[in-house]
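What follows is a set of notes on a single structure, which appears directly below.
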Amino acid sequence: MSTTYGTFPGSRPRRLRTTPAMRRMVAEYRLHPSDLILPAFVREGAAEPVPISAMPGVVQHTRDTLRKAAVEALEAGVAGIMLFGVPEEAKKDALGTAGTDPDGILQVAIRDVKAEVGDELVIMSDLCLDEYTDHGHCGVLDADGRVDNDATLERYAEMAQVQADAGVHVVGPSGMMDGQVGVIRDALDQTGHEDVSILAYTAKYASAFYGPFREAVGSSLQGDRKTYQQDPANLRESMRELELDLAEGADMVMVKPALPYLDVLAKVAESVDVPVAAYQISGEYAMVEAAAANGWIDRDRAIMETLTGIKRAGANMILTYWATEVARQL
Ligand code: PBG
């Protein structure tokens, strides 16, 4: 049985879709270059940028090309840059010592970018050990080979200090250790860095989509991260992580990955009064690039559609490897 309301439809939503100008006028969400943050990798000792095969178009920068990438991002209107260090293989060890060396690659990169763009671009740094450990975990291991939460916190406190000493504006703890935001806040405050902000990776899921990142930072992980990153099956758990991060002093919170977790993002965004970020991660990038390279999807439209979806779900800031390219188009 169908109900008829009259010969002609009384309401015609299509009227507002008739022309590009009309669609532009009624658009509810708009991307802006200042929504975007560029994640960038810098490789110690590299003479040339090294392409990342699983992320066509993304490279491990040299110190020099990183500075250029920062300037390009700034000129395109991008809001910030999130730096990841790739140390020389020989410098990796069980404790991730290179991560707390004041002259470690990430600290050097922070100083380089700061010298180049000053405070014009928000300079952020990944605060995690996996780039620097030989076993590839985000923390240090106990005698049984398990990631030791509290021993890792001590390492994170040291990392926060060296990154802040190097001049970073925002640290991004991504290791999912319990209590990491509180310990980092204390470490920053005790060392005179009370103005350095914390972008907490609040809801971070144990995701298959981090795959290409391993190549990007040259990490070979032994085992998996399921004892510290969240189970994709859980939503409520993210609200608990959120409560803890806010109580410990997070200035901004992040959901990661983005596309498979838009429900988490929407829920976090409606629950908080701090800025909310989403990270469109390596595997999300690779998926679109691979399909586009095969001619299966329209690359540019797909990129815009994913970013618009992330914004619609509630993100104020989006970390994306396409940041500079997209900012130029906007
Ligand atoms: C941890 C970290 C990871 C990413 C950002 N920070 C890897 C992981 O948690 O396994 C992934 C980013 C991406 O995939 O683009 N240092």
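Heads up, the Cβ atoms here are built off N, Cα and C, so glycines get one too.
Note that this is a predicted model, so its numbers are computed, not measured.
What TrEMBL annotates here:
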ACT_SITE  Lys204  active site, schiff-base intermediate with substrate
ACT_SITE  Lys256  active site, schiff-base intermediate with substrate
BINDING   Arg214, Arg225  5-aminolevulinate 1 binding site
BINDING   Glu241  Mg(2+) binding site
BINDING   Ser282, Tyr321  5-aminolevulinate 2 binding site
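The two recorded residues Lys256 (active site, schiff-base intermediate with substrate) and Tyr321 (5-aminolevulinate 2 binding site) have their Cα atoms spaced 14 Å from each other. Within the set of recorded positions Lys204, Arg214, Arg225, Ser282, Tyr321, the entry lying nearest in space to the residue listed as 'Mg(2+) binding site' is Lys204 (CA atoms).
With a 10 A radius on its CB, Tyr321 (5-aminolevulinate 2 binding site) counts 24 other CB atoms from all the protein chains. Between the recorded positions Arg214, Lys256, Lys256 has the most other Cβ atoms inside 10 Å of its own Cβ, all protein chains included.
With a cut-off of under 6 Å between the Cβ and any atom of ligand 1, the recorded positions Arg214, Lys256, Ser282 reduce to Ser282.
Note on proximity: of the recorded positions Lys204, Arg214, Arg225, the one nearest Tyr321 (5-aminolevulinate 2 binding site) is Arg214, by Cα distance. Lys204 (active site, schiff-base intermediate with substrate) has Arg225 as its nearest neighbour among the binding-site residues Arg214, Arg225, Ser282, going by CA to CA distance. Cβ neighbour count for Arg225 (5-aminolevulinate 1 binding site): 21 (other Cβ atoms within 10 Å of its Cβ, all protein chains included). With a cut-off of 8 Å between CB atoms and residues at least 6 apart in sequence, the same chain places Ala54, Met55, Phe209, Tyr210, Gly211, Pro212, Phe213, Ala216, Tyr321 near Ser282 (5-aminolevulinate 2 binding site), listed in sequence order. Ranking the recorded positions Lys204, Glu241 by how many other Cβ atoms lie within 10 angstroms of each Cβ puts Glu241 at the bottom.
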